Amino acid sequence: MERTVTVVPEDGLHARPAAKFVETANEYDADVRVAADGDDPVDAASMLAVTSLGVASGDDVTIVAEGEEAEAALDALEELLSTPETEA
Amino acid sequence: MTADENATRTYDGTGVSPLAGVGTAVWYEPGGGTELEAPPDPADVDPEAERDRFDEARDRAREELEREREQTADRVGEDEAAVFDAHKQFLDDPQITDGVEAAVDDGVPAEHAVQRAFEDPIEQFAGMEGKMAERADDLRDVRDRLIRLLTGGDRVDLAALPEGTVLLAERLTPSDTAQLDPDRVAGFATAEGGRTSHAAIFARSLAIPAVVGVGADLTKIEADADVLVDGEEGTVIVDPTSDQRERAAGGRDVEIREEPVTTVDGKSIEVAANVGTLAELEGAVRQGADGIGLFRTEFLFLDREGPPDEAEQLEVYAEALDAFPDGRVVVRTLDVGGDKPIPYLEQPDADNPFLGERGVRRSLGPDADLFEIQLRALLRAAADGDGRLSVMFPMIATVPELEAALETVESVAEDLEAEDLEYAIPELGVMIETPSAALLADELAERVDFLSIGTNDLTQYVMAASREDDRVAALHDPLEPAVVRAIARTAEAGRAGDAWVGMCGEMAGDPDLTELLVGLGLDELSMSAVTIPEVKAAIAETETTDAEELASRAIESSTKEAVQKQITETNL
């Protein structure tokens, strides 16, 4: 299953939001990949891969998850990306 | 061989043992940098071993990062500390770990594999703008850390140094020094550290010539240089002259006495070793110790995730007893707090840790469980010890504290009895470290088998002066009359209360003070192993009546200069 989300945090998918994103993706029993608009999806468990996407605030990303907890992982990641950093 | 005088260079530091040694310089941590030698033939590389090395390096990197994160959070702030979290994440990043593992499986050594795995991501980030480019620096940091740990910090190397090595290092951690083999290491010198650093204590225990605190100049010494380490003068000499070399090779002209010694008139004085790791037991035996007068147990609890269980401790205490089949082993129960933090124990920041919750204060409080487990192991070890095991409690300040500790011993004994386990009640004693304990020594002596004076802490507390603080370090002198009188009072209380009295501070290991200490009436002197031969020799030359006269003159002195003068005059 997949979901497209608009990235709210000011830093985009860098620094702390990216770290949080990778951490969350790793928490679930699911294979999670993430793609920036039109690019190939990368491993969401890799901080390097995620930050290399160069996603800025306001960009859309597509998250693809497979596995037992795919839905829960998507919910958590969507929540994270929809929340301004100060509240996260 | 004629030494070229011009080539001789001398660096100053703090000498930590009265020994000198010459050897070939080996750098423990090369000065950083990521220039690696060409990788060997893939056929000669064991991928499994390389994977293990990589995993170990990551574990150590993670530990370092956690420590640095904490320090940064304390000193600078949470925001700045967050960078270490990012570094930690890179360590476990699948893009890196997969890359390294794939290269290792192709027969590439771990350090080269690390370098390769980081190449692409670094290049990718470096080519971006702003924040992204900074990531490249973070990645370089993590890469260099791993490579340093894989090349310089290789644990295996320390245990397998070539014979005649003079080890040079920025600093040596407790686990580093524990691996040093005194037969192979001719000496070591570190840029950091002071007389009381772990490395210094260890050097004295194992009788390794050592100089610490040399500073950044140490890095000017090239690997493979011919180096003399003079622990007496506190100098590190590159390309020493033949004179200097000869003096170092001459060593000490003091005989090692394996048998217990007596004064000229036949009074027995036990000479024992202070030991803080199992590795030091051998050094103690070799220097002719009669037993262990201070077995610090903190090492059992350091550098690990959780406390050791009863069985593990039992084994360690048994090993100490085995090392001295005819000698006494005095174990001090866990003394944490002060400057000895242990990661898995909750130790809230104290305004003044040395006046805070440490030693028995913790054992009777937050660490009651650990105390009980330790006592169980000690009582069980005592069953096989033929009465040679003794247990003492650190930082006692009041009689009720001692009574609570003794009651815990009783209740542990009852538990062991009920469980039908073999045990014995060991000799029990108190460390005299607080002024309160010295003033109450008569009360304490009535309740225990022995007293042991810890002069380092006693001096610090009596004089209210830390020796770590240069501005007041002169006050931290055990020859201050107040300290001498506290020792005299303790010794007298011991005699009256039928408790033997020992000393396990640095003062006990100074052969110039042996006569004074014998005169003050001490029954046992325990020290870093290295000076045992000198102290035994000093005892054998001491006449008890002369010593007692010296002691009474010292007790009556009103300044430390006067005490010192009495000692100097008798030593003439």
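Cβ coordinates are placed from backbone N, Cα and C, and glycine is handled just like the others.
Computed from a predicted structure; not experimentally measured.
Among the features that TrEMBL reports, region 'Disordered' is placed at B:1-76.
What TrEMBL records for B:13-135 is domain 'Phosphotransferase system enzyme I N-terminal'. Mapped onto DSSP helix, strand and coil, the domain 'Phosphotransferase system enzyme I N-terminal' (B:13-135) counts 80 helix, 10 strand, 33 coil.
Annotation source TrEMBL lists domain 'PEP-utilising enzyme mobile' at B:161-234.
The annotation active site, tele-phosphohistidine intermediate is assigned in TrEMBL to B:H198.
Annotated domain 'PEP-utilising enzyme C-terminal' per TrEMBL: B:256-543, in sequence order.
Taken from TrEMBL, the feature Mg(2+) binding site applies to B:E433, B:D457. If you draw a 10 Å sphere around the CB of B:E433 (Mg(2+) binding site), it holds 27 other CB atoms from the protein chains shown. B:E433 (Mg(2+) binding site) falls within neither a helix nor a strand when secondary structure is assigned with DSSP, and so counts as coil.
For B:C504 (active site, proton donor), the same-chain residues lying six or more positions away in sequence with a CB closer than 8 A to its CB are B:A272, B:N274, B:G293, B:L294, B:V330, B:M431, B:S452, B:I453, B:G454, B:T455, B:S526, B:M527. Annotation comment: TrEMBL describes B:C504 as active site, proton donor.
Close to B:D457 (Mg(2+) binding site) in the fold, though at least 6 residues off in sequence, lie B:F354, B:M395, B:E433, B:T434, B:G505, each with a CB less than 8 Å from its CB. Across all of the domain 'PEP-utilising enzyme mobile' (B:161-234), the predicted model scores a mean pLDDT of 84. Per DSSP, the domain 'PEP-utilising enzyme mobile' (B:161-234) is made up of 19 helix, 19 strand, 36 coil.
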